[in-house]
């Protein structure tokens, strides 16, 4: 048995490589992502991967699907705290912002403790935040408890699940992401109905207390996320071992390395496509969450019954349960693999155009039709968003790339609902909110689609110029000189090459 190397990975990598050939890189990857080394690691694309997929589906339903039910409590919270639309809008804004901004902290915890522990910690925090929020007496207390603490816990749970899902699935990764995102649809369907039922019987405080118990199920989902070993899921360079004696780094240098590792600014500088995707997504988020927050108040403002208004969100969620797996099947086809980013931009464009329809009429039948069409575009966005990001960056940098993306998104999420609430207070017209949403979505789709296309054309032209230059340089070398029989002059006779496509 070869001698184990001295270094941080010597113990775990040495014995595992001797048992499983070619597993050293897999262990390196697992340790870099903070996956602790048990006696036996799960393999990618194995049977347990589908159990992890189910856990991730439920976790996304509990976390990402939850903010859609806040609209059910919007009017009740506004009356209870005697607050304006803008002040009340800060509650879902803080929760959504922290849910996204906690990405870098989640990346650090995943690297240090693993996906399983981080996800379970998130379930505990989300539960404690909702329980404490049920005893809030001011909006500021609600921002801190049900907003900040619950949002941070949800971030830990859902991002850990997404990270480990990308390691468990290699061949069917696009389909797995789409199926997992169907959990969001399930949450969108069930959370508003449960919220309406609990609000009528227990009030918003009793409902938040029950939500605290429901969110504890994130701990169960996190316990299923066993560490995974794969030498195909991540293409990464092995971490160089530090020399025995290294000079101590200063505080600023350590902070700089930490930020570089967990916020992926190096990828943002050197990967143009990731830069385009990040900027486009950050701009898009200014408009994307607004229908989820204001659709129910918009319907009730125009005389729709509260139960029927809450049913609109459930229609969106129920439709997405079936549409997202279909979107994943399409995206998983080899013919569409190179065009996923364009399909994603098309879904964003359709989403923005759909919001214009909602702004025209508040009739219940029109709103039902709006929800159905909106579900088609939303399913495409949900099924492709993380898969497009995985296509743009290496999987070993996915946690940090996702952390930077969600941090930037958190800034716009924090601004968007209060800005829309201020617009509503100023104009007293809900239609301007949907116009605002459409503007950000349509402009983001055009920016990303046009940028991706121009980059692709530029790369094609660069490759063609490179191939042309290589052919020109190689032509004299492939020719040979022949001396004619009747003339002392030399003729250059190029070789004839026949190229066939396979």
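The chain as shown is numbered from 1 upward.
The backbone N, Cα and C atoms fix where each Cβ goes, glycine too.
What you see is a predicted model, and the numbers here were worked out from it, not measured in a lab.
Per TrEMBL, these features apply:
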TRANSMEM  15-35  transmembrane segment
TRANSMEM  47-74  transmembrane segment
DOMAIN    49-461  domain 'Major facilitator superfamily (MFS) profile'
TRANSMEM  94-110  transmembrane segment
TRANSMEM  117-136  transmembrane segment
TRANSMEM  142-168  transmembrane segment
TRANSMEM  175-194  transmembrane segment
TRANSMEM  206-225  transmembrane segment
TRANSMEM  271-290  transmembrane segment
TRANSMEM  310-330  transmembrane segment
TRANSMEM  367-389  transmembrane segment
TRANSMEM  401-420  transmembrane segment
TRANSMEM  432-455  transmembrane segment
REGION    464-489  region 'Disordered'
Highest-contact recorded stretch vs the transmembrane segment (310-330), from 47-74, 142-168, 175-194, 206-225, 271-290, CB pairs under 8 Å: 175-194
CB contact flag for the transmembrane segment (175-194) and the transmembrane segment (47-74), at least three pairs under 8 A: yes
Leading stretch by Cβ pairs under 8 Å, where the reference is the transmembrane segment (117-136) and the options are 94-110, 142-168, 401-420, 432-455: 142-168
Cβ pairs under 8 Å between the transmembrane segment (94-110) and the transmembrane segment (401-420), at least three: yes
Range from 206-225, 271-290, 401-420 with the greatest count of C-beta pairs under 8 A to the transmembrane segment (432-455): 271-290
Of 142-168, 206-225, 401-420, whichever stretch has the most CB pairs under 8 A to the transmembrane segment (271-290): 401-420
